[in-house]
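Here's the structure we're looking at; comments come further down.
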Amino acid sequence: MIQRLYASTFSLARYPLLLAALLLIEPVFSSQYLIRIVNTMLIQAVAALGVNVVLGFAGLVSIAHAALMALGAYTSALLMLKLGMPFPIAFVTACLFCGIVSGFVGLLGNRVETNYLLVITLGIHVAIFLVIVNENWLTGGASGLFNVPKVEIGPWRLANDRSYYWLTAPVFVAALYFAERLRHSKPGRAMIAARLHAPAARMSGINVNRYRVWAMVFAGVYFGASGSLFAHLIGFLGPEDFSLSLTLLLTLTVVVGGLGSNVAACVSLVILTAIAEAFQQAASSWLLFYGILIMVVMVVAPRGMAGVAESVVERIKRARSLVRRPLDRPSL
């Protein structure tokens, strides 16, 4: 009982500790360029957690991640720019709107085979992209949307990247907390059961279709949050910011990290971002690199970094048990 209480207390305490650590290391990011990269990485990590819910928990293959981020970004930006809404209301509205749209996509996916969800989400991506490009009066079209308002929360105005970090870090930690809570909850376990073996999950009484829709809704909220944060960080929105390459990056992040592991997805994103920054001159070849890396990971380490880490820990435990096992004494 005491051990369980201790584990529960530590599980809750690690998130404030993580947030405190992120805020304490903020002075380490000395340059404006570095703090912009860290902010972008935290924003993309929120989206990656959403992808992990869809792909890692529910096992649904979707390519509408970037489109839903765009929907959240433009919704939040336009509500503040055109209607003068305060950021908290615009942020929450963008999250809810993307969650509803994503849930609607999930309902459409339930009417077809799971594999055809890929085609449906491709159609959603194209439709949102065409609206952004063609509706110049609303979105600015291909030229982009300028003068996206800066975030103001009460008396605080987050006018630069360093002050914005004090928003992205708490949002990321909150997103990680709720994603972990979902993973260990009954709906989360039902989603994972549906991914591992949908027929067996149905025979166990799990409403697979309902939990898949909820996975899409949950992920849509995360995409909306990520898009909203991105819009007000950059101050400019263009269709090229939400191309299929962003969807591929987020998918690769989850695959490399390991399906179903939230922490591994975040660590994977840090590694991929570091690689991308180290080889900026080869930016035009990133799509090819992403595709090849996905194939290599699926062949060499299909469970990703999380699976490799679990295998290493299991081998260490097995080796320790063999060392500690007493030798059989020979019988006289």
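Including glycine, each Cβ sits where the backbone N, Cα and C put it.
According to TrEMBL, the feature transmembrane segment maps to 12-29, 41-67, 87-109, 116-133, 163-179, 213-237, 249-275, 287-305.
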Annotated stretches the transmembrane segment (213-237) and the transmembrane segment (12-29) touching (3 or more Cβ pairs under 8 Å): no
Any contact, the transmembrane segment (41-67) to the transmembrane segment (287-305), with at least 3 Cβ pairs under 8 A: no
Chain residues outside the transmembrane segment (87-109) and at least six past its termini with a C-beta under 8 angstroms from it: 60, 62, 64, 68, 71-73, 75-77, 79-80, 116-117, 120-121, 124, 149, 151-153, 212-221, 223-225, 227-229, 232
Same-chain residues at least 6 beyond the ends of the transmembrane segment (163-179) whose Cβ lies under 8 Å from its Cβ atoms: 15, 18-19, 22-23, 26, 29, 35, 38-39, 42-43, 45-46, 49, 52-53, 151, 153, 156-157, 222, 225, 229, 232-233, 262-263, 266
